[in-house]
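Below: one structure, written as C-alpha cells.
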2 protein chains.
Amino acid sequence: MTDSKGRLMQGEQTDEFLSGIDTFFFDCDGVIWLGNEAIAGAVETVNKLRAKGKRIFFVSNNSSKSVASYMKKFQRFGIEAYPDEIYGTAKVTAWYIKNKLNFTGKVYLLGSESMAEEFDALDISHTGTGIGAVVQGLDIHVNYMKMIKATSYLAKESCLLIVTNEDDRLPVRGSNIVIPGTGSIGAILRVASRRQDRILIGKPNRNIYDCILSKHSINPESSCMIGDRIDTDIAFGIKCGFKTILVYSGVSTADEVEALRKKSPEMLPDYCLPTLADLMRIP
Amino acid sequence: MTDSKGRLMQGEQTDEFLSGIDTFFFDCDGVIWLGNEAIAGAVETVNKLRAKGKRIFFVSNNSSKSVASYMKKFQRFGIEAYPDEIYGTAKVTAWYIKNKLNFTGKVYLLGSESMAEEFDALDISHTGTGIGAVVQGLDIHVNYMKMIKATSYLAKESCLLIVTNEDDRLPVRGSNIVIPGTGSIGAILRVASRRQDRILIGKPNRNIYDCILSKHSINPESSCMIGDRIDTDIAFGIKCGFKTILVYSGVSTADEVEALRKKSPEMLPDYCLPTLADLMRIP
C-alpha cells in the first residue's frame with residue numbers, strides 16, 4: 001500500500017516495527033549529530049537500541065573522517081561504538097580500490113588527512129608520479145592548484161575518477177549558512193575534465209553495504225536504514241532491500257516527501273520521524 | 001549554402017571577404033595569444049588589419065583582467081590597442097550591473113583584483129554586509145571559505161547570481177595541463193546553491209556587444225567575429241549577426257566542426273583558419 005508510505009510513524013506502529021528489525025544502519029550527520037552538536041535524544045536512542053540487542057552499523061557518506069576519528073567523535077558524544085561498525089566513505093573507498101578494483105597503482109587524493117590515513121592503512125600509494133586514479137572526497141583545503149592537478153590527471157582517459165559521494169551540501173539546521181558538500185567540489189572536476197564516467201562509492205550506491213557484507217552476514221528483510229536524505233540514505237536503503245526511515249533533522253524536508261509521493265512514490269521511505277529520538281519516545 | 005560553411009578559407013576568397021568587413025571583433029586567448037605567449041603571426045595580422053583601416057574590438061570572456069591590465073599585455077606584445085576597444089567581462093559585468101540592472105546594492109565578488117578595479121571604477125560596492133548579488137568570475141585564489149560565503153548569500157532567493165562566463169577551461173596548447181575555467185569554478189556554486197537562475201554576462205550572450213553599442217555604432221553585416229571556441233565566440237558572432245571565423249589555435253577542433261556539420265549546421269562558422277596569421281598570409 002504505497003499510500004501509507006512516507007507517513008509519520010504512529011505510536012502503535014513502533015513496537016511491531018522494532019520487533020521485526022534486528023539490524024539498524026544509521027547515517028550520522030543530520031541523524032545523530034549536526035556538525036559538532038548532538039541531536040537531542042539521538043544518542044540515547046542509539047544506545048537504547050543496542051541495549052535491546054539490536055545490531056548497529058554507522059554508514060556515512062562523509063569522507064573527511066577515518067574510523068579512528070569517528071571513534072573519537074562517538075566517544076565524545078557518549079555513544080557506544082566499535083571500529084567494525086563504522087563505515088565512512090574514506091574507509092570504504094580504500095576498501096573498494098584495493099578489493100573490488102584490485103587497483104595497485106597510485107592515486108591522486110583530493111581529500112582529507114583522515115582519508116589519507118585509511119589509504120595508508122591499506123597501502124594505497126597517494127603521492128608521487130604515475131597517477132592512475134583521481135580520488136575525490138571532501139577537501140576543505142581545496143585550491144586552484146589542486147583543481148589543475150586533478151583535471152590534468154583526468155585528461156588521460158585511462159585515469160579513473162573515483163568520488164566518495166555526491167552530496168551537494170553538508171547538513172546545517174537553524175542557520176543561514178550553506179556549506180557546499182563533496183558533490184559541489186566534485187562539480188569542478190566533472191565540468192573541467194569533461195568526463196561523464198566516474199565511480200561513485202557512497203550512498204545511494206551499495207558499495208558501503210558490500211564492504212559490510214565482506215565481513216558480516218546481514219538479512220536485509222530485518223534491517224532498517226535511518227537517514228536524513230532521500231536521494232542518498234533512503235535510496236541506498238531501498239537499493240539494499242532494507243526498511244527505511246527518514247528523519248527530518250537534516251537535509252530532506254516533509255515538502256520533499258510530498259513532492260516524491262506524486263513524482264516517484266517508489267522512492268518514498270517506509271516511515272518518517274521528526275528526529276531519531278521519536279523512534280523510542282513513542283510509547 | 002550551408003555546405004560551404006565551416007570550411008577552411010581559400011586564398012581566392014580572402015580579398016573579397018576582407019573588402020566586405022569594416023569591423024573585426026577578436027577573442028584574445030587562443031586567438032592572439034595562449035596565456036603569456038603570442039600565437040605566431042597573430043600580432044602582425046591584427047596590426048595589418050588596423051593599417052588597412054579596419055575598426056578593431058577585443059572581446060574576451062576572461063574576467064581576470066581589467067582594461068588597464070589588458071593595455072599592458074597588448075603593449076608587451078606590440079599590439080596597437082586603445083582602452084575603448086577592449087571589452088573583457090570584468091569591465092562589461094560592471095557596466096551591466098550599473099547600466100542594465102541599475103543595481104545599487106552591494107555585491108560579493110568571487111573574482112580577481114582586476115575585476116575589483118573595474119567595480120571600483122563604477123562605484124559598485126563589493127565589501128561589507130547587505131550583499132544583494134554574488135558575482136563570479138575567475139578567482140585563482142578560490143577556497144572553501146569563499147565557496148561557503150557565496151552559496152550562503154545565494155540561499156536568499158532575492159540575491160542575484162551573476163557569472164562573467166561559463167568557459168569550462170582556459171585554452172592551453174602543446175601541454176597535458178588542463179586549467180579549469182570560470183565555468184568549472186561556477187559549477188560549485190550552481191550545485192551547492194541549487195539555483196538554476198543566473199545572469200550570464202559573457203559570450204555566447206550578447207552583453208559585450210550591447211556594452212560596445214552603448215558607445216559605438218556598428219553595422220553587423222560588415223562585422224566579423226574571430227574566435228577559437230564554437231560554443232562561446234562563434235555562437236556570440238552568430239547571435240550578433242556578424243560574419244564568423246573559427247581559428248584552430250585554441251579550444252575548438254576540426255573534429256568538433258565536423259560533428260557540428262551533422263548535428264547543428266546553423267552553428268557553423270562561416271570560415272575556419274588554422275591560425276589568425278592565415279587570414280593575411282593567404283596570397
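Yeah, the Cβs are placed from backbone N, Cα and C, and that goes for glycine too.
In the record from TrEMBL, residues A:S60, A:N61, A:N62 bind substrate; the candidate from A:K203, A:K215, A:K239 listed for the same site is A:K203. Together with A:D27, A:D29, TrEMBL lists one candidate of A:D210, A:D228, A:D231 for binding Mg(2+), that being A:D228.
Counting only residues at least six positions away in the same chain, the Cβ atoms of A:D27, A:C28, A:D29, A:Y70, A:Y87, A:G88, A:T89 sit under 8 Å from the Cβ of A:S60 (substrate binding site). Using a 10 Å radius centred on the Cβ of A:K203 (substrate binding site) and all shown protein chains, the other Cβ atoms total 30. Of the recorded residues, A:D228 (Mg(2+) binding site) and A:N61 (substrate binding site) place their C-alpha atoms 12 Å from one another. If you draw a 10 Å sphere around the CB of A:D228 (Mg(2+) binding site), it holds 27 other CB atoms from the protein chains shown. Every protein chain shown contributes to the tally, and the Cβ of A:D27 (active site, proton donor) ends up with 28 other Cβ atoms within 10 Å. Secondary structure from DSSP puts A:S60 (substrate binding site) in a beta strand. For the binding-site residues A:N61, A:N62, the largest tally of other C-beta atoms within 10 A is found at A:N61.
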